[in-house]
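Working notes, structure below.
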Amino acid sequence: MVLIRVLANLLILQLSYAQKSPELVVGGDECNINEHRSLVAIFNSTGFFCSGTLINQEWVVTAAHCDSNNFKMKFGAHSQKVLNEDEQIRNPKEKFICPNKKNNEVLDKDIMLIKLDSSVSNSEHIAPLSLPSSPPSVGSVCRIMGWGSITPTKVTYPDVPYCANINLLDDAECKPGYPELLPEYRTLCAGIVQGGKDTCGGDSGGPLICNGQFHGIVSYGAHPCGQSLKPGIYTTVFDYNDWIKSIIAGNTAATCPP
């Protein structure tokens, strides 16, 4: 069974795959408190349900399938029980999804750009992560992070974000496990071939950081998470650089690559 990595209380789409319930990084450890300064917690009245990445003081990138009504974003968070003094909360002022996205295909152009209602300030636990300067290289060691469940089959939510190292894999290593993937979806395949480390449900929208660069957005994967031969699927950020820059520059009619 395959799920998109979102909330448990969202309705499951009756498609060839289902949306993922919120779970966290499986096979990881608690993140260092200072290593996830760009990680954004997206939440509503039910709690955290997605993550995002701060790319400058006014803009966040996440997955399009994380879009919902009445959500807020928390910056500088680590423990859900012990607040950092520099935590900041913002509302979305504007949300941008590719106008040429195929609405009936969740994997297609699974990226959303959010303008904040006011800018955030850099601090000890808050700093943006810039867009990638070049495409990622197969074999790169990549970092994943999030507040999702730390167990693959039942929901076990941690109070802190978990992190893990995985590898960027060749698309050919993903195709057998995900025959529905199409080249035009512009995705990356990353994980551990033998399984055991993976993003999961509530990690949707969070970053895949390879060699210090923001290369992917958590999008899609198998359920249970962390299966062998079924790595995670991530939206390729580099392919959307021009669209993101155009929107930020004020060209709100810009379209994404086909």
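Cβ coordinates come from backbone N, Cα and C, glycine included.
Per Swiss-Prot, the disulphide partner of CYS174 among CYS163, CYS189 is CYS189. Per Swiss-Prot, the residue from CYS210, CYS225 that shares a disulphide bond with CYS200 is CYS225. Recorded disulfide link (Swiss-Prot): CYS210 to CYS142, out of the candidates CYS142, CYS163, CYS256. Classification of CYS142 (disulfide bond) by DSSP places it within a strand. Under the DSSP three-state reduction, ASP110 (active site, charge relay system) is assigned to coil, being neither helix nor strand. Here CYS256 (disulfide bond) is compared against the recorded positions CYS31, ASN44, CYS142, CYS163, and the shortest C-alpha distance is to CYS142. With respect to Cβ neighbours within 10 Å, the recorded positions ASN44, SER204 differ, and ASN44 shows the lowest count.
Of all Cβ atoms in the protein chains displayed, 25 besides its own lie within 10 Å of the Cβ of CYS66 (disulfide bond).
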